[in-house]
Amino acid sequence: MINVDLLLIAIAMIILIGYLGDALFRATRIPEILILMFIGILLVPIGHLIPIRYVEVLRLFAPLFGSIALVIIMFDGGRRIDFSSLTASALGLFLGLLDIIIPMVIIAFLMNFLFDWPYVYGALLGTIVGETTSIVIVPVAARMKIPSDLYNLAVTEATFNSVVEILIFYLLLVFATGASSFSPQSYAKYVVDYLSVAVFMGLLMGFLWLFILNILKGTRGYVATIGIAFLLYGVVDYLGGAAVVAILIFAMIIGNYRSIGQHLNLFIDIREKDMEIVEGELEFIVRTFFFVFIGMIALISITYLIYSILITAVLLLIRYAEVMPLVKKEYRGFVWSLMPRGLTVAVLASILYSIGGTYFNDIFYLSFMVIIITNIIASIAISYSAHALETTLKVDEGNGNSGTN
């Protein structure tokens, strides 16, 4: 039975540590992710300042916070997919897809060649560490005076690759945890059934909720909408469907409520700014929990560090190969620097850790190190490339070219 006092203390710790991390980030410009993870490492593996029983309380709530995080990530990502501007966002969407697919394939072969890992576990690792975090990238892009096409590229890529990562992760996880019982035919049938429930429920709830919002004008529909997203996740998961897919489809419908409403003669105002505030506060708590938590349970190992440096080097080379042929010359350095891994990596790695097993634990510890390494490199690279980009833009502006965000 859970001790209520310990639970309240744990929740208080999460909020206060999150506040401390945000304050230190504003004062030092050190990425908040690194600060929170270092606090977790300092509290338990190094300092032993927190009794293990408190860590065990947090461990019990990891699946709950993981589900909340997945709902928030998929809901936010789906809302940002604007049907009317898909053509303008095509490069960002394409890069977001490549961010996951290429590391998944290359790291699967690399881990099999070097360590004799089964391909599915290497693919899981590659999928997890392929994401670039919108937590860092969106604020950086927002506060810089950069061209609107570059801003849209950065935000679209960072948002969409999280969506792709989660979808592929669950398809691989199903195979990894049931590989011995799956034939190609049975796996294909399972995936179709798994997705069909989600697609049907996502479409049904999305359009039904638009009609309800049309009736409930002037209410706090934005709060209820987030509540419906959590309800949908729980129901679809209970029915054995892909809950994250249902949330994605629901969110895409909600995100395009204006254009859909015009076709259906609906007059809806969701008050998106208020919705983003609620989302932001939930994300703040979840983000703090996961980065501090994985710091607390981290295994500090030279072996994992060396392997993680190798994996990070591969990721940086992949990033370079993606960016060079697809991005404008003057943008390449800045876009390449947008490499830090973040919340989605932490959440998915924690899901594997909670399942347990040699490969899943290895993936967790390697992902933990990759988050740290990529954020350190990115903090330096973004600072340098942003300065170079701003210098280039000033020269272009002096020559009569403009179009900043």
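Positions of Cβ are set from backbone N, Cα and C atoms, glycine also.
What TrEMBL annotates here:
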{"type": "TRANSMEM", "residues": "6-25", "note": "transmembrane segment"}
{"type": "DOMAIN", "residues": "13-383", "note": "domain 'Cation/H+ exchanger transmembrane'"}
{"type": "TRANSMEM", "residues": "34-54", "note": "transmembrane segment"}
{"type": "TRANSMEM", "residues": "60-78", "note": "transmembrane segment"}
{"type": "TRANSMEM", "residues": "90-113", "note": "transmembrane segment"}
{"type": "TRANSMEM", "residues": "119-142", "note": "transmembrane segment"}
{"type": "TRANSMEM", "residues": "163-182", "note": "transmembrane segment"}
{"type": "TRANSMEM", "residues": "194-216", "note": "transmembrane segment"}
{"type": "TRANSMEM", "residues": "228-254", "note": "transmembrane segment"}
{"type": "TRANSMEM", "residues": "289-318", "note": "transmembrane segment"}
{"type": "TRANSMEM", "residues": "338-357", "note": "transmembrane segment"}
{"type": "TRANSMEM", "residues": "363-384", "note": "transmembrane segment"}
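Only sequence-distant pairs (6 or more apart) were considered; of these, at least three Cβ pairs between the transmembrane segment (60-78) and the transmembrane segment (163-182) are under 8 A, so the stretches are in contact. Long-range neighbours of the transmembrane segment (6-25) within the same chain, counting only residues 6 or more positions beyond its ends whose Cβ lies under 8 Å from a Cβ of the stretch, are 31-32, 35-36, 39, 53-54, 57-58, 61, 284-285, 287-289, 291-292. Non-local neighbours of the transmembrane segment (289-318) in the same chain are 14, 17, 21, 33, 36-46, 50, 55, 58-59, 61-62, 65-66, 69, 102-103, 106-107, 110, 125, 129-130, 339, 343, 346-347, 349-350, 353, 362, 364-366, 368-370, 373-374, 377; each lies 6+ residues outside the stretch with a CB under 8 Å from one of its CB atoms. For the transmembrane segment (34-54), the neighbouring stretch richest in Cβ pairs under 8 Å, chosen from 163-182, 228-254, 363-384, is 363-384.
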